[in-house]
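As recorded in TrEMBL, the features of this protein are as follows:
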COMPBIAS  1-16  compositional bias 'Polar residues'
DOMAIN    36-496  domain 'Major facilitator superfamily (MFS) profile'
REGION    1-26  region 'Disordered'
TRANSMEM  45-62  transmembrane segment
TRANSMEM  74-96  transmembrane segment
TRANSMEM  108-125  transmembrane segment
TRANSMEM  131-148  transmembrane segment
TRANSMEM  168-187  transmembrane segment
TRANSMEM  207-231  transmembrane segment
TRANSMEM  279-301  transmembrane segment
TRANSMEM  321-340  transmembrane segment
TRANSMEM  352-373  transmembrane segment
TRANSMEM  393-419  transmembrane segment
TRANSMEM  440-460  transmembrane segment
TRANSMEM  472-490  transmembrane segment
Amino acid sequence: MSQRDNAPSLARNQQDAPAEREEPVVAKETPLPWKQIAPLVAMRLAEPINFTLILPFLYKMIEDFDVAETPKDISYYASMLFMSFSISQAMTVMYWGRLSDRIGRRPVLIAGLIGTLAVSILFGVCKTLPMAILVRLAAGVFAGNAAVMKSAMAEIADDTNRSRMMALLPLTWNFGSMVGSGVGGIFSNPATQFPGLFGNSKLFTYFPYLLPCLIGSTVAVFGLVTGLFNFKETLIKPTQPAQEETVGNTEATPLLAQSAAVSVAPVKQNSIKSLLTPLVVRVMVTNAFMCLAYTMCDQLYPIFAATDPRDGGLGLDPRSIGLSLGVEGIVVVYIQLVVYPRLERKFGVLYCYRRGLSFAIPYLVSMPFLSMIALHLKNQAGTSATSMVVETVVMWVILMSIMTMRITSSVMAFTSINMMITNMAPTRADLGFMNGTQQLAMSVVRIFAPIISGSLWSWSIKHSFPFPFNSHLVWMLSAVLIAVVLKLSYRIPESVNKFAADQPKPIANAEESDD
């Protein structure tokens, strides 16, 4: 027995080292570092709120611009606003990601919040379409924080809690989208909606969409102050000396200390050519097609919801549109914080990606059929009040069920693709580039998605074509795209389930064996 205890160290290293490396897979989850996560989430919240608060009143705003010849043309002009944002974002997002790899995450995030604050207020005072387009172009320039935040979140995580921490960013987006939609629907045109409070206000009568934008800007101020005073830099430069506490890390070691131990290593950024491997390109392509399908329908929904049921829409007012977009946020918290992390740790990120895509297809196919119920309600107006209430409740129950499928699919798919992109970064020094590249691909897709969906929607409701070339066209096209992406996802290997930057390198293994 003593002979076994005193076995040569070389044999022990060769036999036990691999087992030690696999320990984190089954290790207990490291507590989340909320002192860093909380300000990061506060900064993240500003973007989705300010992005989505315009959705409920966008139809009415374009109608007020008096540029559309008929209501059926409004979707085309709405797509111009969406596209202008995506164009400027696509032109600048890579710059922000690479800049954050050099000067740090914190200064880039602060700059983005200052820009978001300014353009949010400016959009509320837009009185013409050209002015609104210019403001949306400016908003896109400062919309690079998403990629930078993914890098920062990855740097303060470890293998045991990465899925839960990375899930916080899309959770924040979805929660912010819920709040933003509600704010836009409830507080737009306050002089009319709340005559007792704002009826005599010349400011809000002349600028009917300023109040929700001001509310959104206060969230940006809160994120800015929180980031300035509470968020600490997560990118540790190679020239900084490693701290003594980082020697001999354990699962109980604070995450920032562990990240610093890795980040201070003199790791050189890889070339762009070496980073864009066939696997990375394959994942980026599936990400682009998935984003195209989701964006087409996400940006079409407020127009679809406001369109007259006789033209294939739902005929909802801004407040109802905001409500329909906001209620689904209740489901997000449970899916994002409870369901997704458990599924990811048990089955892997790739499994969750495929399940999310599979949920999207029934949502996309069934959504346009709701117009039939809305049209029936419109035709029954003035008849039995009881039957009207019952049918309205039925329509809203179905709508909320479909929206729940939508948000479940979105959470699963986008959280998973974010994690896959992060996992494929060979070193932490390349996280900004990888996440920036993903954001660039999504931004480019978002340039074309609104034009495609807006033009097809306008064309399909202007002509009396049979199914699926009627008002179902955009939804069915998106469902086909998702089906293609789902099939392509089975060509992605299981290696994307692991965070490559923390995986043992072959050269290091050889050196350990020689010791």
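The backbone N, Cα and C atoms fix where each Cβ goes, and this holds for glycine too.
Caution: TrEMBL annotation is automatic and unverified by curators.
Non-local neighbours of the transmembrane segment (321-340) in the same chain are 52, 55-56, 163-164, 167-168, 170-171, 174-175, 177-179, 181-186, 301-302, 305-306, 352, 399-400, 403-404, 406-408, 411-412, 415; each lies 6+ residues outside the stretch with a CB under 8 Å from one of its CB atoms.
Scored on C-beta pairs under 8 angstroms, the neighbour of the transmembrane segment (74-96) with the top count among 45-62, 108-125, 131-148, 279-301, 352-373 is 131-148. Sequence-distant residue pairs (6 or more apart) of the transmembrane segment (279-301) and the transmembrane segment (352-373) include at least 3 whose Cβ atoms are under 8 Å, placing the two stretches in contact.
As a whole-number mean, the pLDDT of the domain 'Major facilitator superfamily (MFS) profile' (36-496) in this prediction is 83.
Contact between the transmembrane segment (393-419) and the transmembrane segment (168-187) is present: at least three CB pairs lie under 8 Å, with pairs separated by 6 or more positions in sequence.
Proximity of the transmembrane segment (472-490) to the transmembrane segment (352-373) is established through 3 or more Cβ-Cβ distances under 8 Å for residue pairs spaced 6 or more apart. Ranked by Cβ pairs under 8 Å to the transmembrane segment (207-231), the stretches 45-62, 131-148, 352-373, 440-460 are led by 45-62.
Here the transmembrane segment (45-62) lies next to the transmembrane segment (168-187) in space: the count of CB pairs under 8 Å, restricted to residues six or more apart, reaches at least 3. Sequence-remote contacts of a segment are chain residues at least 6 beyond its ends whose Cβ falls under 8 Å from one of its Cβ atoms, and for the transmembrane segment (131-148) they are 43-44, 47, 50-51, 61, 65, 80-82, 84-93, 95-97, 100, 105, 108-109, 111-116, 118-120, 122-123, 169, 432, 435-436, 438-439, 443.
Only residues 6 or more beyond the boundaries of the transmembrane segment (168-187), in the same chain, are considered here, and those with a CB under 8 A from a CB of the stretch are 37, 41, 44-57, 146, 149-150, 153, 193, 211-212, 215-216, 219, 318-323, 325-330, 332-333, 336-337, 407, 410-411, 414-415, 418.
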